Amino acid sequence: MGTAAAGDDVDRPLGAAAEQHRVNLSARRPFPQALRTGLAETFFPDDPFRGFGALPPAARAWRTLKYFVPALEWVPRYRLDKFKYDLLAGVTIASLAIPQGISYAKLANLPPIIGLYSSFVPPLLYAVFGSSNNLAVGTVAAASLLLASIIETDVPPEENPQLYLQLFYTAAFFTGVFQTALGVFRLGLIVDFLSRSTITGFMGGTAAIIIMQQLKGMLGMKHFTSKTDLISVMTSIFHYRHEWKWQSAVLGICFLMFLLSTKTLRKKRPNLFWVSAIAPFIIVVIGGVFAFLVKGNEHGIPIVGDLKKGINPLSISQLTFSEKHVNTAVKAGFLSAILALAEGIAVGRSLALIKNEQIDGNKEMIAFGIMNIAGSFTSCYLTTGPFSKSAVNFHAGCRTPMSNVVMSVCILLVLLFLAPLFKYTPLVALSAIIVVAMIGLIKVKEFCHLYRVDKFDFCICMVAFIGVIFFTMVTGLSASVGLSVLRALLHVARPNTCKLGSIAGGEIFRDVRHYPHARNIPNILVLQLGSPIYFVNAGYLRERILRWVEDEENTCKIDGQDLQYVVLDLGGVTSIDNTGIGMLLEIHKSLDRKGIRIALTNPRLEVTEKLVLSGCIKDIIGEEWVFLTLKDAITACRYALQRSRSKDDGEV
């Protein structure tokens, strides 16, 4: 705060606190620097290349290469004592990847072998480019169903299975392109629009629908609806009730009881997690042997069918970019890319936190993108980091991404030598595996927690959940994201303002609603603005501040006083635009007509720059009425009041 010379007008806070520090109103940043800083904070908040500038060119290039290829960081330091842990984890997740790969491929109406292909190539690439030590790569149920629901509206799988499969490859290609672009241009903030509430509701609704769809396999049915909403699924189940097979139902119940018992065992004895991890593989083996011995396909127990040996054939020539179908592939690729990123990054971060590690979200996007592009060239469809497989990898004691390499080698051996043996796998076994996996995604406790803590978040969650169940997956996801964005816009358009009172002898100022014992400051109104001031909220803030002033004037009149100063705390205002500056000028004029002086405290650099350049501070408010702290402002206002009263008494 500046100190005025003797003889100045009484409105100037003369000698209020000579030792107070001034607000730096001369700070300026050249436009290129301000732009560079803004872009850096938006797209490089983690500043990944800090410290590179001091290195010689060769070292800088090597450090940059290691940043984009994390394997160059951990492979040179890899030791045998880590490999024994990664070997155990890799074999364990491979035993889970085999039944899940086949199951999720069937869920997407794809040939089962595609699920095994998708567990071979992508994990190898993730081990090179991924930054998480805990993530296990594979196919996921939600993305499988989402892709199927979009693509089959354009090309039904039963009418043209080859084109249907080609569109899955093409969608995986676009998924990879979108994910890589988001990582390279550091646009991960787009994924942030999928809030935790949205993901919880979407995954829960998707899980419920997937469970209902598995009644087809559990009952041994051959015909079923291609739609995903609850009404269509239930209608189809009862419409084809003549296809129900009691043999499949009995076998399915047995499989479900076994899988659920292993999950219960894992909860009671966490050290026996591996039992539930290999349980799906066990029922695939047992179910296959049983179906082979009793000729299940002839007695109401449908089986998977032929699985040919051999590694992934190239599919780059099968990518289709015809004008008629490319829009469907792009839509499916974009939506599944966002969903896969949200799930994969969320899982990776949550597991990393337990080990006190960090993962780079943008590096993960690039890794996912590369593995999906390469996967689309090698007969794979979308892959990411599923929670179930990653959790098994984590609990199995993985140390590095080498566990993904081990899993990939195991899948390679299956493809080369054992794939035909899985032809007898009962479809009911795959349905049971999917049902048990999906049960864990319906987080009822999380729903209750959201309802208890934040009703609006609960609504966002339920919109996704109900939208997926009763309409489509895209509808549920879009509606929930839209509601989340609307909430964010409401926070921007209707920001919180509060009146501050003094506590602890006037040293601390807090919201009077939060601290009812906080005392009003006679003749002074202190308001705190807690958001950027933009054209969207400038009108609201003007009206809200003037209402605060009117209410305070009425209160002061009751006490026989007059409101003479309004102090605006701008510490929470991170930026301001031209409309916001105009709003402050309008408030100043309105208060000036009432004889009320306005003061500003603690404006940030971005705000100070614009207020100074616009002339708002120097020509309108006055530099001497801009303070560093609320205490300074209150002291100055009280001093000015005292001088004014002394002058009035002298005149009398």
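Placement of Cβ uses the backbone N, Cα and C atoms for every residue, glycine included.
Noted in TrEMBL for the protein shown:
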TRANSMEM  87-104  transmembrane segment
TRANSMEM  110-128  transmembrane segment
TRANSMEM  135-151  transmembrane segment
TRANSMEM  163-185  transmembrane segment
TRANSMEM  197-215  transmembrane segment
TRANSMEM  244-260  transmembrane segment
TRANSMEM  272-294  transmembrane segment
TRANSMEM  365-384  transmembrane segment
TRANSMEM  405-422  transmembrane segment
TRANSMEM  428-444  transmembrane segment
TRANSMEM  456-477  transmembrane segment
DOMAIN    514-637  domain 'STAS'
Intrachain residues whose Cβ lies under 8 Å of the transmembrane segment (197-215), provided they are six or more past its termini: 107, 141-142, 145-146, 221, 224, 228-230, 233-234, 237, 339, 342-343, 346, 431-432, 434-435, 438-439, 441-443, 446-447, 450, 457-458, 460-469, 473, 476-477, 480-481, 484
Treating G and I as helix alongside H, and B as strand alongside E, what does DSSP give for the domain 'STAS' (514-637) in helix, strand and coil? 66 helix, 22 strand, 36 coil
Mind checking which residues of the chain, 6+ beyond the ends of the transmembrane segment (456-477), have their Cβ under 8 Å from one of its Cβ atoms? 142, 145-146, 149-150, 195, 197-198, 200-202, 204-206, 208-209, 228-231, 335, 339, 446-447, 450, 483-484, 487
Report the listed stretch (87-104, 110-128, 272-294, 405-422, 428-444) having the maximum count of Cβ pairs within less than 8 Å of the transmembrane segment (244-260). 428-444
Over the domain 'STAS' (514-637), work out the mean pLDDT and round it to an integer. 91
Under 8 angstroms for C-beta pairs, at least 3 of them, ignoring pairs fewer than 6 apart in sequence. Is the transmembrane segment (405-422) in contact with the transmembrane segment (110-128) by that rule? yes
What stretch, picked from 87-104, 110-128, 163-185, has the most CB pairs under 8 A with the transmembrane segment (365-384)? 163-185
